[in-house]
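What Swiss-Prot lists as GTP binding site is 166-173, 191-195, 213-216, 283-286, 314-316, and the listing cites sequence analysis. According to Swiss-Prot, the feature Mg(2+) binding site maps to S173, T193, an assignment based on sequence analysis. For 366-384, the entry in Swiss-Prot reads compositional bias 'Acidic residues'. The feature domain 'Obg' is assigned by Swiss-Prot to 1-159, with sequence analysis given as support. Residues annotated as domain 'OBG-type G' in Swiss-Prot: 160-333. Taken from Swiss-Prot, the feature region 'Disordered' applies to 366-390.
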Amino acid sequence: MKFVDEAAILVVAGDGGNGCVSFRREKYIPNGGPDGGDGGDGGDVYLLADENLNTLIDYRFEKSFRAERGQNGQSRDCTGKRGKDITIKVPVGTRVQDQGTGEILGDMTRHEQRLMVAKGGWHGLGNTRFKSSVNRAPRQKTLGTAGEARDILLELLLLADVGMLGLPNAGKSTFIRAVSAAKPKVADYPFTTLVPSLGVVRMDHEQSFVVADIPGLIEGASDGAGLGIRFLKHLERCRVLLHLVDIAPIDESDPVENAKVIINELNQYSENLSQKPRWLVFNKIDVIGEEEAAERAKAIAEGMGWEGKYYMISAVNREGVNALCWDVMKFINTQPKAMAIEESAPEKVEFMWDDYHREQIAEVEAEADDDWDDDWDEEDDEGVEIIYQK
């Protein structure tokens with residue numbers, strides 16, 4: 001299935017049903033009083049995280065989702081039926097953003113997590129609500145409010161503990177094949193990896209971590225060169241980044257400059273991502289002798305200004321790979337889980353009409369001193385008043 005990690009959709013909640021103006025009519029009771037019911041609330045729109053999904057491709061074709069409108073109120077104090085909610089399933093790891101305001105509405109990081117993204121309109125009030133000692137036959141009602149409408153952007157961010165960084169053909173996919181059951185494509189040409197992939201590294205029966213491989217970066221990626229930097233967002237949730245450097249490039253390029261290219265592109269993408277723990281890993285030491293590899297690694301680290309520890313591995317021969325994985329596992333175990341997942345926005349989204357009915361009743365009470373009987377006509381049953389919310 002094609003990997004799609006972004007989709008823009010329109011979500012529209014249902015409108016609230018209108019209130020009803022009605023009067024009770026029974027035999028021998030000509031003036032039975034008001035019995036108009038309230039309308040029903042509009043349906044809400046929810047997102048539901050589903051661990052069985054791994055792409056947003058469905059929403060490249062279906063872009064509009066509308067919840068059901070609430071039914072209007074009826075006579076005999078019958079309240080209109082509430083509109084049905086609509087639930088949209090998205091992969092775990094989806095970030096939800098309001099395109100109009102840029103606000104992050106939520107981060108779907110848990111299976112079956114629900115997030116309301118559009119709230120249904122409030123129901124209108126029937127004329128029974130407006131009955132009082134000075135207005136025994138009210139002809140006022142209110143209309144239901146419109147449902148919330150949002151243009152939202154769905155962004156799928158992979159949930160991984162470890163992220164792989166490096167130029168094309170640095171050996172990232174080979175590394176994942178060596179340490180996990182994942183089988184990304186490997187070849188001797190650039191950009192063999194076109195979409196992100198995940199692999200689970202099992203150290204023993206109880207300990208494991210997830211590693212993410214993204215397409216390689218090249219100089220100018222921040223300006224759109226190569227595959228650009230759009231896939232770097234999949235590393236935002238990682239707790240540690242492994243920066244793979246080809247210690248003996250086949251094109252005889254300078255490994256120091258190659259490493260600096262990655263660091264520069266990382267800085268241009270996000271300050272937060274550039275400050276994540278990053279480990280330096282020299283790959284393909286099997287191409288040259290052990291002593292020469294050690295000398296080159298030391299020289300490259302000094303040229304980069306690298307002061308921390310670095311690793312030398314051969315992903316093809318699995319040389320040094322196991323020790324690296326155990327160090328990664330120990331590091332992950334010492335980090336709080338919260339580091340891997342950004343603090344998500346609150347799931348409750350505030351909407352502007354939360355106090356709608358309270359304000360409506362307050363307005364009516366404020367006008368209680370007005371003489372609503374001045375234009376009363378015993379013969380006029382059609383003079384309906386509708387209160388519009390400003």
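Backbone N, Cα and C atoms are what each Cβ position is placed from, and that goes for glycine too.
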Average model confidence [pLDDT] within the domain 'OBG-type G' (160-333): 79
Neighbouring C-beta atoms (10 Å sphere around the C-beta of K172 (GTP binding site)): 30
Other C-beta atoms that fall within 10 angstroms of the C-beta of S314 (GTP binding site): 21
Distance [Cα-Cα, Å, rounded] between S173 (Mg(2+) binding site) and P215 (GTP binding site): 9
